[in-house]
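According to TrEMBL:
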- 12-32: transmembrane segment (TRANSMEM)
- 82-103: transmembrane segment (TRANSMEM)
- 115-133: transmembrane segment (TRANSMEM)
- 139-157: transmembrane segment (TRANSMEM)
- 211-227: transmembrane segment (TRANSMEM)
- 234-255: transmembrane segment (TRANSMEM)
- 267-286: transmembrane segment (TRANSMEM)
- 298-316: transmembrane segment (TRANSMEM)
- 350-373: transmembrane segment (TRANSMEM)
- 385-406: transmembrane segment (TRANSMEM)
- 412-429: transmembrane segment (TRANSMEM)
- 434-456: transmembrane segment (TRANSMEM)
């Protein structure tokens, strides 16, 4: 059988080897990351600000905070700060916390849940690799699909023990959405379009990071309708119906009635629900017009697209601006410009050339593999590989502007390897399956992130860059070490003004409140904290007392943060304290030589 034929022609998949492969891949990933696993279990530390804040949100939900209330009341009190996150990720996390809480102490239950959450997610991702392999290359390649996902490296980035952020869920949903769409290209399997639409809707309910990919997937049924006419009617109905029903359900599940008409450009809300529903209804209408000439079908497609996008442009034009357009410019230069995942690929190459190459090259190899599949394939198989190539091409362009997107691209790039892998496997199979399997596995490894990493020479930045504060993320960061915040519990709870990144750790490891934390909606709180730290000591005291601050905390998530603040205000409060000049209205209350330093405001002197 040709590796590019419909998977319906493949042999019936063998379930037991596939299940064992998935379980083996999960177990091996834990072996590779056993150090991280033991750190979570024995120390309970967080390795990322978002993981810390996710646990804070889950604790608050268990403690009785309303389902639709996403306000973090200990952040920028008294009004608090509404996060742009979703409750969808809280569902499995809270379920695990409740389950482990039946037989473990609360602290141990949290640690167990933080290990189980990414581990279970990794199992689903690897299973998705098999599902996707069947869709693109046939059921006989399912084990290679598991291996491809294992070797893509995303498990170290978004699925390590302790990782409970939403990115892993979004990555997995994107994988299933793309694979289901690929299967649905076969008119006899058009029903899979409903799964694709459902995965798109659920992922949009989690967050909007994968919106560019979903634009490609949403366009795919329309392009199939343009090319094949009546043959695509089932796909139009399935995808449109799955998207509409799931998007309504997700919206009702995650958005409270009081916010149904409140636009939010950074989360599922009316500006995103409206085009999704209009587009879905438009696809339903197009499914009734399959017999029209191609020119007429093209005109109808343009009308549906315009109808879906017009409300956003007319009613919510702000949602067409860059994602962080509302962030204060000062905060942007001090904070967001130094976030590694927001960097461009070119910026990253300057400070970490090896990491940049390791992200870019496997993606381009996967794109080349998908294009090979499109050239060598025929009919539906060619359309499937073209879909994957389009996702990879668009994703690579977007990732060059924002590194975060590479984590979503990695599994898709791994799927691109399956085209040459399948070709070699089937070409050598007549000489023996072992020979074909070994040769195909060698090709898969060579083109994967693992293979690129093994072949990559040591690439170091220039000496000037190597000594710069921008490379701080490559060194151990005391401000992201949970143990350094334990002493906060020795002090009376109060409001803390400090740098932005430590805010999540303050909330996760103590009953303290924080003025700042790394969330773009917390514009006012972040700016208030920054203004205190950069003001002259006398003005800083006035600002701190006006804001109700009880403590000032200093710990720089990276030296770049400290350098940025010194550049903003070389004689400000933080810079003065860094030089050993502690003003009389502050008293240090942190342990000696602690990397996280806490200063209590003394009563005002008359």
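Just so you know, the numbers here start at 1 and follow the chain as drawn.
Each Cβ is built from the backbone N, Cα and C atoms, and glycine gets one as well.
Of the Cβ pairs linking the transmembrane segment (12-32) with the transmembrane segment (139-157) and spaced 6 or more residues apart, 3 or more are under 8 Å, so the two regions touch. Sequence-remote contacts of a segment are chain residues at least 6 beyond its ends whose Cβ falls under 8 Å from one of its Cβ atoms, and for the transmembrane segment (298-316) they are 222, 225-226, 263, 265, 270-271, 274-276, 278-279, 282-283, 285-286, 289, 292. Of the two recorded stretches, the transmembrane segment (82-103) lies close to the transmembrane segment (234-255), with three or more CB pairs under 8 Å once pairs fewer than 6 apart in sequence are set aside. The stretch in closest packing with the transmembrane segment (412-429), judged by the count of Cβ pairs under 8 Å and taken from 139-157, 234-255, 267-286, is 139-157. Using a cut-off of 8 Å between Cβ atoms, the transmembrane segment (350-373) and the transmembrane segment (211-227) share fewer than three residue pairs, counting only pairs 6 or more apart in sequence. With pairs at least 6 apart in sequence, the transmembrane segment (211-227) and the transmembrane segment (267-286) have 3 or more Cβ pairs within the 8 Å limit; the two touch.
Contact between the transmembrane segment (434-456) and the transmembrane segment (211-227) is not supported: fewer than 3 Cβ pairs lie under 8 Å, counting only residues 6 or more apart in sequence.
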